[in-house]
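Per TrEMBL, transmembrane segment is recorded for 35-56, 62-82, 103-126, 146-164, 176-194, 214-234, 254-274, 286-312, 332-350, 356-379, 400-422, 434-454.
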Amino acid sequence: MKEVRCQVEKSNGQSDLLPLLPKERTWGSLDFSMVNIGLAIATWCFLIGGTLSLFVGLKMGFIATLAGNTISVLFVALSNAIPSSRYGIDQYIFLRSIFGKKGTKIPVILMVIVEFGWVATLAVMFGKASSNAYGAITNTPSVSNTTVIIFALMAIVISWIIVSRGSNSINWLNRIVAPLLVTMLIVMFYMLSQQYSFGEMLALQPISPFPNDLHNYIVAFELGLGSGFSWWPIMGGLTRLTKSERAALWPNMIGVNICAVLGTMIGLLAGLAIGDSDPTAWMIPIGGAVLGLIALIIISFANVTAMTSLVFSTCMALKQIKFFRNMKWENLTLLFLTCTAVFALFPEVIYGNFSLFLAACGTVFGPLSTVMFVDYYLLRKQRIDMRALYLDTPGKPYDFIGGYNITPIISVAISVFVYFLIIDPISFEGSAFFDYASATLPAMLLAGILYYVITKLFVIPKGMGGYDASEKREKGEKSA
C-alpha cells in the first residue's frame, strides 16, 4: 500500500484520496458506533415514522421497518463499507473498478444531488426544532417560515465550523451527542407512555391506509428499505476511517439500523397518537416547559451531528472531480454548504416531498448496492488492483472503454425502469406483484443478474476490468 501511495503522489496529486494506512485510521468500533448513532437519531427518523403512520399501526410498523432497514443496511455494509474499510479507500475510488475511471463521476454527481437534499432537510429540521424552542422561551404561539430559515442557516454555519476541522472534530462531537440522543429516545418514549398504555398504543389505527392490509405492510417495508439504502452515498467515505472490517460492519447494524428503527418507532407512535410525528411540536405540551425545552435543544443538535458526517463524506467524494481535487478542505466544504443553503430557503417544499425523496433512495441505491456486491464478491472474489484504481495511464484495467464501463449503467437503468412498472413511488399504488415482492427487491435482483451476465459475456472476454488478474490470483493461491 505504501508503494501505491508514493506512485500516486508523484503522478496525479490525488493525495487526499490515497488509501489510509492502518495507523492513520482513527475510528474503532465504539467511535464509529457513536458516529452512526449521531447519524441515525435525527429528526428525519421521526418524519419516516410519521409517513408510516399513514399506512400501518405500531406492531406492523415495527416489523416492516426492522425487516426493511436490516436488509438494506446489511447490503450497504457488505457492498460498500467492507471494501472501503479493508483497503482504506473512499467508496468512489472503489467504484472506479465498476464504472471506470471517468464513469465514476456519474455516481458522484448522483450522490451530491441526493446529499444536497438530505443536508438541507436536516438544516430545516434544526430550524423547526430551534424555532419551536425559541417560541417556548419567548412565549410566541407560532413561528414563521422566516424564523425556521434563519435557524436552518445557523445550522449550516455550525456544521461548517465543525466539518472544516476534519474527521477528529466529528468524532469528538458524536462522543458527546450520541449518548444524549439515546437517552432522549428513552425520555421521549416515557413521555408518550404517560399518555397511553401499551395496550392503547398497539390499538392505535393508521391514519390513511389502503384497503388492503398486505399492501399497507409492503409499503411500510418498502419505506424501510429506502431508509436503509439512503446511507449508501456516504458510508464508504466514513468506513475508510475504521480500524477493521468488524468496526465497519457492526456499528452500522447497531447505529443506522437498530437506533434508526427505534427513532422511527417514536415518530410512528407520535403520528398515530397525536397526528404529528415531529417531536418538536409535542414535546413541550406533553413534557412540560423545562424537560421539553431541553429535549428540543438536544434534538436540534442531533441534526447537526448528522449534517457533519454527510458533508464530510460528500466532499471527499467531490475530490474525484479534477476541479475540486486541489481545493482546500475548508473551501470545498464551504462551497457545498453554501449551495445547500439555497435548498434550505424552501422548508415547506422539503417537508412536502420527504416520502418521495425517501422512496427514490431505494429506487436507485438498492440496485447500485447489488451491482457492487456482485462485482466485489462474485466476480472479483474480494480482490482489487490498488495501483490501477489511482494511476491514470490509458489502457489500465479500470479504463474499460475510454474510461467508462456502461454495464452498471445499463443494469441499474433497466432495474429502475422495472421498479416504476411495479410501483408508483408518489402515490404508492402498484401492481398485485408489489404486494408479494415489493419493488426494490426485484429491482435489486434484476440489477445483479444483468450485471453478472453482461460482465461474464462481454466485459471479461475483452480483457477489461482486471477480472482475469483476480481469477489468476485465486487459481495461484489454490494451487499453492
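In case you wondered, yes, glycine gets a Cβ from its N, Cα and C as well.
When Cβ distances are compared across the two stretches, the transmembrane segment (176-194) makes no contact with the transmembrane segment (62-82), since fewer than 3 pairs at least 6 residues apart fall below 8 angstroms. Contact between the transmembrane segment (254-274) and the transmembrane segment (434-454) is not supported: fewer than 3 Cβ pairs lie under 8 Å, counting only residues 6 or more apart in sequence. For the transmembrane segment (146-164), the residues of the chain that approach it from at least six positions outside its boundaries are 119-120, 122-124, 126-128, 130-131, 134, 170, 173, 300, 303-304, 307-308, 311-312, 315, 329-330, 333-334, 337, 340-341, 344-345, 347, judged by C-beta separation under 8 angstroms. Of the two recorded stretches, the transmembrane segment (332-350) lies close to the transmembrane segment (103-126), with three or more CB pairs under 8 Å once pairs fewer than 6 apart in sequence are set aside. Against the transmembrane segment (103-126), stretch 214-234 shows more Cβ pairs under 8 Å than any other of 62-82, 214-234, 434-454.
Listed as Cβ neighbours of the transmembrane segment (286-312) (distance under 8 Å, sequence separation of 6 or more from its ends, same chain) are residues 35, 38-44, 115, 118-119, 122-123, 125-126, 129-130, 132-133, 136-137, 155-156, 158-160, 162-163, 167, 169-170, 173-174, 177-178, 180-181, 184, 187-188, 191-192, 194-195, 234, 237-238, 279-280, 333, 336-337. Sequence-distant contacts of the transmembrane segment (400-422) (same chain, six or more residues past either end, CB-CB distance under 8 Å): 98-103, 106, 363-364, 367-368, 371, 375, 430-431, 433-434, 437, 439-440, 442-444, 446-448, 450-451, 454-455, 458-459, 464-465.
Panel annotation: around the transmembrane segment (214-234), residues 39, 45, 48, 51-52, 55-56, 60-61, 63-73, 75-76, 80, 110-111, 114-115, 118, 206, 252, 256-257, 260, 264, 309-310, 313-314, 317, 355, 358-363, 365-366, 368-369, 423, 428, 434-436, 438-441 of the same chain, lying at least six beyond its termini, place a Cβ under 8 Å from a Cβ of the stretch.
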